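Q: Annotation comment: Swiss-Prot describes 13, 14, 15, 16, 17, 18, 125, 180, 370 as FAD binding site. The NAD(+) binding site feature in Swiss-Prot is assigned to 273-287; the stated evidence is sequence analysis.
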């Protein structure tokens, strides 16, 4: 049985990858179908109620710069906003928001339902139609066939998903949802390498049974950050606090006592879990010398009493979960609403993908999200947007596009996955990007929005707002460069008291702003130096571009020179333990492989470009930077 219409692009799955993929293809004019097993759960936040953070916030800003929905929905759903690393440099500053699950889901669904060229249909997909190495459509569980020359698969944790709580396990895509067994079996027939991964979630706690007075309150920032470049503080709902508490030795003893019934430690779970978001039982085992671990008590919404205790993800039996929760300060009388669990699922080796996220073996079939071995809403959303965009470009007969590593964290993400693959759930960090000073949150629109408009991802309203901001930045930079203060200028009467060293020679306003004791608001507040830009985000951009211009240019030069280090030699006797900044994982790989050149090192599976940059700096400092004649 065939559906009565043909489509250009079909997207399977309605999570963060699927929604961004469907919206991207539809924005570009492709007739798009989004298939999901349950329309009511479109945009569901399956795990933690938060968007953004270190590295992840950068991806959200890039999705937004390319016209995506995640940042907009977060502004309408965020009940606490914070800028992380605010005291550090702009490269590692990141926006994070606690989100009301219901508000976030509702906003995503509103955006989907009002998107031209997009059709929603509720049916699980059981089969792919592949003819002569090309995908031509899909078949749903009731035997209904939909035809399209491009299919984006965003199955999340649903492919042969298995949920574990203690020694009990059952099939499921997530709590309350069925797995995709038939589709998983079909995908196993494809010439793509497959593996199993694991992730988990903590028990949800009844807020009415928590004593918040015994915890440390954590308020949001003032003034409130905004996630979207076209967002506004007025979009934010009522703001609330989070709280912080800690595990203790009694907690750890309870966990150790339950490990014999842990599916992780009894060999029942075979999938590899996320290194940087371990379960509480994994933390206790890996960091046995630590007497406590921090737990963030996060509200799940304004109209629910459910609390997400970030930091105690677990698959221990329910009785152990309850005891460990009640051993924590402030939760002595806590009641669990939903037990924590682990889930195992199929993923496919992303090295079998092109950087467009199209599979190398089947034309027109694209993968995005956790199916590619990543973890996190933000990583999924970014991949979804890229896959949906490239599916649409292919249907239109145009070349695919993926940003380079020096253009976007999205480029870093895709390059890492498609080049190196992953054996564990991959999450984004700023440390994965070797050019992170160029890839800041604040300039994501300046890096990507013009390209997004050319491709068709960015609408005219966003494009107009972007051009207004970009023009104001350029004009202000020109003004600062063209206006000067001379040693005999009357402006010095108000300026010199603000400077560590008085002006003794002529200086441009730009030179003054470069001084460490001066910032843009202070300079503009002085009589004769204003007026300041009204747009605070444009003003921030002016300050960063001026103050970091030398570093930015240096990093741009590094990009231009990067390809020249292919044959740079690495001494075989080099002690990688002595190289500051290398992770233990990277040190182990280098000691195991003993590469002769930087080029060889860069191709070791799991070797990060950031680690290569660290090696180059170390070689230069030790006077060891030389070409390997045997490799020239």
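Just so it is clear, glycine is given a Cβ too, placed from its N, Cα and C backbone atoms.
Situate these features within the shown structure.
A: In the three-state DSSP assignment, the secondary structure recorded for residue 370 (FAD binding site) is helix.
According to DSSP, residue 277 (NAD(+) binding site) sits in a coil region rather than a helix or strand.
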Q: List the Cα distance (Å, whole number) between residue 15 (FAD binding site) and residue 279 (NAD(+) binding site).
A: 23
Q: Have a look around residue 370 (FAD binding site) and count the other CB atoms within 10 A of its CB, chains all included.
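A: Excluding its own Cβ, the number within 10 Å is 30.
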Q: I need the nearest neighbour of residue 285 (NAD(+) binding site) among the binding-site residues 13, 17, 125, 370, using C-alpha distances.
A: 370
Q: How long is the line from the C-alpha of residue 281 (NAD(+) binding site) to the C-alpha of residue 370 (FAD binding site), rounded to the nearest angstrom?
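A: Checking the Cα atoms of residue 281 (NAD(+) binding site) and residue 370 (FAD binding site) gives a distance of 23 Å.
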Q: Just how many other Cβ atoms lie inside 10 Å of the Cβ on residue 275 (NAD(+) binding site)?
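A: For residue 275 (NAD(+) binding site), the count of other Cβ atoms within 10 Å is 15.
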Q: Residue 275 (NAD(+) binding site) to residue 370 (FAD binding site): how many Å between their Cα atoms?
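A: One finds 15 Å between the Cα atoms of these residues.
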Q: Give me the long-range Cβ neighbours of residue 279 (NAD(+) binding site): same chain, 6+ apart, Cβ under 8 Å, in sequence order.
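A: In sequence order, 200, 264, 273, 313, 314, 315, 342 meet the Cβ cut-off.
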